[in-house]
Amino acid sequence: MRISVIGCGYLGAVHAAAMAKLGHDVVGVDVDAAKVDDLANARAPFFEPGLPELLAESSASGRLRFTTDMSEIAGSQVHFLCVGTPQKRGEFGADLGYVNSAFDAMLAHISPGDVIAGKSTVPVGTAENLAERLGVAEPGAVLVWNPEFLREGFAVKDTLHPDRLVYGLPDGAPGEHAKALLDEVYATPLSEHIPLVVTDYATAQLVKVAANSFLATKISFINAMAELCEATGADVTSLADAIGHDARIGRRFLNAGLGFGGGCLPKDIRAFMARAGELGVDQALSFLREVDSINMRRRVRMVDLAREVSGGSIVGRRIAVLGAAFKPNSDDVRDSPALSVAAQMQLQGAHVVVTDPQAIGNARKKWPDLSFADTAEEAATGADVVLLATEWDEYREIDPEKLALVVREKRVLDGRNGLDPELWRAAGWTYRALGRR
Ligand code: UDX
């Protein structure tokens with residue numbers, strides 16, 4: 001099938017390459033010429049495990065190309081809208097600027113029978129609005145809402161083996177036509193054994209923000225328990241293990257630490273609250289305000305902990321921050337807890353040196369005043385405090401005996417509960433973590 005993918009960021013680039021792997025003929029469109037140039041030459045414009053191989057394979061098949069020219073979407077039967085919906089400046093709501101401009105640009109090239117499949121995370125009501133505009137411009141085309149649940153770091157796997165597919169369809173024959181086309185897009189092997197939820201526009205849009213709100217709530221729940229653990233001398237990792245054994249709760253997403261960041265969870269819960277306010281049901285989501293503040297409090301607590309282990313002040317202390325990305329296996333630094341803590345400590349007078357296996361380039365662009373080092377050892381040289389802020393495997397596997405040789409003071413703060421306290425203490429380190437004795 002001929003497919004177009006509009007917007008080639010973390011979501012669209014992976015989606016386009018994955019669809020080509022499934023055997024479709026795919027054109028990816030983006031306004032960013034540098035990104036298109038990278039993708040057209042099978043180079044991943046960001047770090048995502050498996051994407052370089054997928055791009056190489058799909059490009060070599062001749063079924064994948066990229067362009068900045070929107071008119072090249074003409075002739076595709078299904079058009080996936082994958083542009084970003086960042087948080088508005090100074091407000092909680094989502095900025096729909098990219099959705100609206102991409103959609104308007106697409107309209108001139110849509111033909112009767114085409115299906116536009118929205119994948120971007122949008123405030124509920126957006127699909128209804130786009131469907132109305134599509135109805136005026138090209139009454140024979142159909143809009144569906146087909147949210148995407150991929151995680152950065154696992155984007156290729158999540159796209160090729162999703163937990164579920166969700167179709168938000170209009171009623172009647174247009175909906176049936178769109179469903180048939182989407183079924184063909186996701187035909188086996190991709191959709192084999194994958195649960196399919198067929199529903200209306202509003203539900204499909206809500207599914208995405210509800211899922212992200214639930215995940216954020218789960219993380220903030222365990223971080224709230226971490227606060228209780230800190231006040232009582234209890235251990236949040238044992239607590240998470242114990243409650244996680246209850247199948248109704250589950251252990252995943254119960255890792256206490258610096259909390260959630262990135263380009264999705266923080267802005268999605270805020271946009272959801274803003275939308276609930278517009279709909280007159282803000283009370284229904286008032287708990288998300290608390291989820292957000294528990295999350296932000298962890299960052300403040302980490303700076304306090306650094307002060308505590310440094311004897312009351314971090315002024316002039318050298319602090320090595322291991323990790324800049326918002327999570328491991330990503331070079332994404334959007335709303336990164338690691339960088340926000342690093343910047344706060346620097347602001348309070350510490351000499352902070354940040355390292356990361358993949359994200360230093362992006363981190364430097366966003367926080368040019370911070371100092372950066374290429375390796376953990378370099379960052380930790382002469383350090384008074386070492387902080388694990390992003391739990392990359394290579395940091396979890398650091399030999400505390402070896403690192404002890406380069407630091408000035410053997411103090412480690414485990415911001416992700418990713419280190420073995422026994423091991424570090426046995427090597428003579430003062431080990432402190434969020435929510436642990
Ligand atoms: C998230 C959703 O998981 C995904 O389904 C959606 O499509 C996009 O948003 P992503 O932002 O890639 O994906 O990252 P995710 O793996 O969800 O992690 C988000 C943040 O939560 C990270 O900062 C991570 O470090 C943090 N986290 C995660 C915790 O602090 N504790 C946990 O137990 C899990």
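Keep in mind that glycine also has a Cβ here, set from the backbone N, Cα and C atoms.
Please treat TrEMBL annotations as automatic predictions, because they have not gone through curation.
As written in TrEMBL, here are the features:
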| type | residues | note |
| --- | --- | --- |
| BINDING | Asp30, Lys35, Thr85, Thr121, Glu152, Lys267, Arg334 | NAD(+) binding site |
| BINDING | Phe149, Leu150, Arg151, Glu152, Lys208, Phe253, Leu254, Asn255, Ala256, Gly257, Gly261, Lys327 | substrate binding site |
| ACT_SITE | Cys264 | active site, nucleophile |
| DOMAIN | 320-421 | domain 'UDP-glucose/GDP-mannose dehydrogenase C-terminal' |
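Known features from TrEMBL, placed on the structure.
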| residue | record | Cβ neighbours (10 Å) |
| --- | --- | --- |
| Asp30 | NAD(+) binding site | 25 |
| Lys35 | NAD(+) binding site | 20 |
| Thr85 | NAD(+) binding site | 22 |
| Thr121 | NAD(+) binding site | 25 |
| Glu152 | NAD(+) binding site | 25 |
| Lys208 | substrate binding site | 23 |
| Leu254 | substrate binding site | 20 |
| Ala256 | substrate binding site | 27 |
| Gly261 | substrate binding site | 23 |
| Arg334 | NAD(+) binding site | 19 |
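Every protein chain shown contributes to the tally, and the Cβ of Cys264 (active site, nucleophile) ends up with 26 other Cβ atoms within 10 Å. Here the binding-site residues are Arg151, Lys267; the one with the fewest Cβ atoms within 10 Å of its Cβ is Arg151. Close contacts with ligand 1, defined as a Cβ under 6 Å from any of its atoms, occur at Glu152 among the binding-site residues Lys35, Thr85, Glu152, Arg334. Comparing Phe149 (substrate binding site) with Thr121 (NAD(+) binding site), their Cα atoms are 9 Å apart once rounded. Here the Cβ of Phe149 (substrate binding site) has 18 other Cβ atoms within 10 Å, regardless of which shown protein chain they belong to. When the alpha carbons of Ala256 (substrate binding site) and Asp30 (NAD(+) binding site) are compared, the span between them is 37 angstrom. Closest by Cα distance to Lys208 (substrate binding site), from the recorded positions Asp30, Thr85, Glu152, Cys264, Arg334, is Cys264. When the domain 'UDP-glucose/GDP-mannose dehydrogenase C-terminal' (320-421) is classified with DSSP, helix, strand and coil residues number 33 helix, 18 strand, 51 coil.
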